[in-house]
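If you scroll down you'll find the structure; I have some questions about it.
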Amino acid sequence: MSLSIWLGSLEQGLLWGAMVLGVYITFRVLDYPDLTVDGTFTLGAAITAHCILLGYSPWVALLVAVLCGGLAGMVTAFLHTGLRVAPLLSGILTMIALYSINLRIMGQANLSLLREQTIFTRVGEIALLEPWGPLLLALTVVVLVVGLLYLFLQTELGMSVRATGDNEQMIRSLGVNTGTMKLVGLAIGNALVALSGSLVAQYQGFADVGMGIGMIIAGLAAVIIGEALVGNQTLFRSLLAAIAGSIVYRAVIGLVLQLGMPATDLKLFTSLIVVIALAFPLVRQRLGFRSLRLRGEGVAETGKYTQDLPSRRD
Amino acid sequence: MLRLENIHKIFHPGGINEKVALKGINLFVRAGDVVTIIGSNGAGKSTLLNVIAGVYRVDGGKVILDGEDITHWPEHIRAARIGRVFQDPLQGTAASMTIEENLALALRRGRSRRLRPGITQAERQLFKERLALLGLGLENRLSTRVGLLSGGQRQALAVLMATIATPKILLLDEHTAALDPRTAATVMELTERIIARHRLTTLMVTHNLAQALHTGNRTIMMHEGRIILDLCGPERERTTVADLLRMFEQASGDAFTYDRALLSGS
């Protein structure tokens with residue numbers, strides 16, 4: 001593969017990385033299977049394209065996209081906590097509603113940003129950075145997002161969101177309104193997904209109403225790949241894993257496309273990756289071998305514990 | 001401190017599974033009282049604690065805590081005043097978070113969660129001191145994930161978490177029942193130390209009759225949603241486990257051989 005292809009998957013990995021972080025927040029941190037993502041990603045792209053075509057600065061477009069993404073997440077959270085709709089269904093409902101909303105925003109199925117100013121055309125104009133401009137910009141955005149997220153997850157609020165995903169009953173008994181925490185978590189997760197949608201639309205130079213389809217599975221695949229490669233022992237590592245997973249995923253996609261797989265088969269391929277990754281622990285267990293690295297964590301995952309508490313009296 | 005007035009609770013009213021769990025409970029608990037609650041399975045012990053904690057809404061009656069009518073307060077608002085430890089060690093702690101994070105969450109019980117740092121250095125010092133009192137060596141493992149601890153260690157931590165922000169009332173729901181006997185004794189001992197240290201008003205559900213008589217200053221027995229026995233003072237001191245069993249059988253008939261086995265087991 002040529003440099004440009006590697007550079008391309010690195011750029012894309014970072015840009016879609018924000019989406020993967022969003023999926024990580026909802027699926028892993030909040031333990032909420034949020035399917036809004038497919039709709040929110042397109043929403044971010046649609047709003048960005050619309051705003052840019054209206055003549056707003058691409059940065060303003062990005063900001064509006066992020067805010068609207070957060071709002072979409074709140075709708076899902078409200079359906080679940082306010083109206084008691086099941087988690088999966090509330091995500092699907094918002095996602096389907098967003099499909100129509102996205103079409104309305106764009107006015108047509110596809111909006112081109114050709115010859116429009118985007119954040120990438122601007123860095124592309126700086127000759128000194130050629131051809132690293134888009135990569136540096138993507139890297140800056142992702143580093144900023146990871147940094148902010150890392151800090152947030154260690155605040156009182158962030159820790160309460162994490163605890164809500166871990167043990168809802170416990171954190172409620174500690175005086176936290178878990179409904180509010182789900183609202184916060186889903187808003188942040190979907191804001192990140194919309195950010196990613198906005199970045200990708202500006203990078204590709206168009207927004208398409210179908211661009212979010214299967215995004216949730218791509219995000220999950222990246223999260224799983226990242227956790228396998230980087231691990232999730234600490235908070236920082238988990239965030240890093242999401243980005244690393246995203247980059248590897250895009251590289252793999254780039255590779256199989258190079259090898260001649262039709263682009264239309266990509267979603268099937270991604271689904272298979274996720275199925276294999278999800279089935280892997282079971283297969284490993286059946287075959288009777290476990291990696292040493294995972295043995296310590298097995299205790300936490302299976303919830304089994306041994307009572308080796310020393311008695312104070314002896 | 002805590003006053004329950006004519007509490008009624010019915011699960012699945014009108015359905016085929018209708019179950020009247022509490023039938024007019026009246027209870028007054030003075031500040032500093034440590035009340036043990038015994039009774040067979042389905043007597044309503046856990047339901048009673050859950051009604052006080054706000055997990056269930058009552059179908060009749062009032063819950064008054066320290067002069068405030070909290071009957072209609074949601075669970076997370078009441079939590080500001082109530083500390084709880086559950087039976088299952090997995091329920092009272094967050095496995096994927098570290099010891100210090102769990103304690104920091106517990107220290108902020110009842111306070112609003114903002115964008116301030118989740119743990120401060122001063123708090124780490126406090127956690128170390130409190131963990132050292134448990135005598136389990138956890139004070140040197142602040143950044144260990146709780147999921148890596150044993151059941152006993154997790155339950156000890158849960159007791160500390162329930163009391164680190166001093167509650168008005170502490171609710172213990174068979175919190176040593178899932179532990180092996182030796183570990184249970186250790187956790188019970190440190191629970192009693194913490195209760196004594198902070199003079200906590202406590203309600204403790206237990207299946208262990210000896211423990212029920214030995215711990216605290218008052219024992220109530222429940223049967224089919226009612227309080228059928230309320231012992232305190234000299235009368236309680238004279239009561240033996242055999243007496244309790246006999247009283248229990250009088251109240252319930254002799255059909256409960258399974259309960260008898262359960263209740264007499266120490």
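Just so you know, glycine gets a Cβ as well, placed from its N, Cα and C.
Feature annotation from TrEMBL assigns transmembrane segment to A:12-30, A:62-79, A:86-105, A:132-153, A:183-203, A:209-230, A:239-260, A:266-283.
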Give residue numbers and ranges for long-range contacts of the transmembrane segment (A:132-153): same chain, 6 or more residues beyond its ends, CB-CB under 8 A.
7, 10-11, 14-15, 17-18, 21, 25, 29, 119-120, 123-124, 126, 159, 161-162, 188, 192, 195, 199, 203, 235-236, 239-240, 243
At least three Cβ pairs under 8 Å linking the transmembrane segment (A:62-79) and the transmembrane segment (A:239-260), pairs spaced 6 or more in sequence?
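Contact between the transmembrane segment (A:239-260) and the transmembrane segment (A:62-79): absent, because fewer than 3 Cβ pairs are under 8 Å.
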Please identify the stretch among A:12-30, A:86-105, A:183-203, A:209-230, A:239-260 with the greatest number of Cβ pairs below 8 Å relative to the transmembrane segment (A:266-283).
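Highest pair count goes to A:209-230.
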Below 8 angstroms Cβ to Cβ, which residues of this chain, lying six or more residues outside the transmembrane segment (A:86-105), approach it?
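Contacts of the transmembrane segment (A:86-105) (Cβ under 8 Å, skipping residues fewer than 6 from its ends): 32-40, 42-43, 46-47, 50, 72, 75-77, 79-80, 209.
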